[in-house]
Every structure is written in C-alpha cells, then in structure tokens.
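Engineer: Let me begin by handing over the structure; questions about it come next.
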Amino acid sequence: MDYDRRYAAVILVVLSMFLHILHSLPDGDFIIQGCPECKLKENKYFSKGGAPIYQCMGCCFSRAYPTPARSKKTMLVPKNITSEATCCVAKSFTKATVMGNARVENHTECHCSTCYYHKS
C-alpha cells in the first residue's frame with residue numbers, strides 16, 4: 001500500500017513538471033519550427049535587373065471547427081470537421097517590368113487571407 005502511494009506521488013510530480021514546462025513555452029513553439037511569419041522577402045531572381053522585387057512569403061495558420069448540421073446536409077460527402085486555410089498574400093502591390101518586358105507584381109504589404117490557389 002505504501003509502495004502504491006509513492007508510485008502515484010512520483011507520477012504526479014513528473015506530470016506536473018511536464019505541464020509546467022509545456023505551459024511556460026510560447027504558443028505554437030512545437031508547431032511552427034522553421035516556418036517564418038508572413039512578411040515581405042526579396043525575390044533574388046527578379047531583383048537581378050536593378051530595383052529590388054519583393055514577394056510575400058511565410059506561414060499563416062488554418063482553423064478547424066465542427067461542421068454545422070445545415071451545411072452537412074448539402075455536402076456530397078459529409079464531413080464532421082470543416083477547415084479554413086489562410087495564405088500569405090499581398091495586401092498591396094505595384095506592377096513592375098523586369099528583364100526587358102516581363103510584368104510582375106512587386107508586393108508592398110502582406111497579410112494572411114483566404115487561399116484562392118491550392119496545390120494539387
């Protein structure tokens with residue numbers, strides 16, 4: 001009986017230490033390793049011709065929530081979870097001509113917004 005109490009006490013101490021360490025880390029520390037925030041980054045390929053060309057690059061996050069019952073009824077393949085993804089896109093941009101006659105967008109401001117183009 002005394003052995004069981006010590007065993008339970010050790011488990012509780014280890015669990016509380018683990019929770020303390022996990023709680024003290026910044027939010028999302030394990031999730032976003034190596035993924036920078038959504039911001040402007042110089043495009044080295046298009047910047048060769050003179051003026052720098054900037055593109056929005058980085059990570060945004062998605063959210064998931066339970067699918068509302070009325071929406072589930074209209075789905076061909078009903079799903080319990082609905083997800084909404086956001087992508088790093090230009091909030092504003094200017095048109096620029098590079099490499100003679102190629103027109104590109106030179107991004108001036110970025111934000112996370114609805115994804116319109118998905119990779120297949």
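Heads up, the Cβ atoms here are built off N, Cα and C, so glycines get one too.
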Engineer: CYS35 has a disulfide partner in Swiss-Prot; which of CYS59, CYS60, CYS87 is it?
Structural biologist: CYS59
Engineer: Identify which of CYS56, CYS60 is listed by Swiss-Prot as the disulfide partner of CYS112.
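Structural biologist: That would be CYS60, the partner Swiss-Prot lists for CYS112.
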Engineer: Of the residues CYS88, CYS115, which one does Swiss-Prot pair with CYS38 through a disulfide?
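Structural biologist: Disulfide pairing in Swiss-Prot: CYS38 with CYS88.
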Engineer: Which candidate, CYS87, CYS110, does Swiss-Prot give as the disulfide partner of CYS115?
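Structural biologist: Disulfide mapping in Swiss-Prot sends CYS115 to CYS87.
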Engineer: Using a 10 Å cut-off between Cα atoms, which of these disulfide-bonded residues sit near CYS112 (disulfide bond): CYS35, CYS38, CYS59, CYS87, CYS88?
Structural biologist: CYS38, CYS59, CYS87, CYS88
Engineer: May I ask for the distance between ASN80 (N-linked glycosylation site) and CYS59 (disulfide bond), taken between their Cα atoms and rounded to an integer number of Å?
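Structural biologist: It is 26 Å, counting Cα to Cα.
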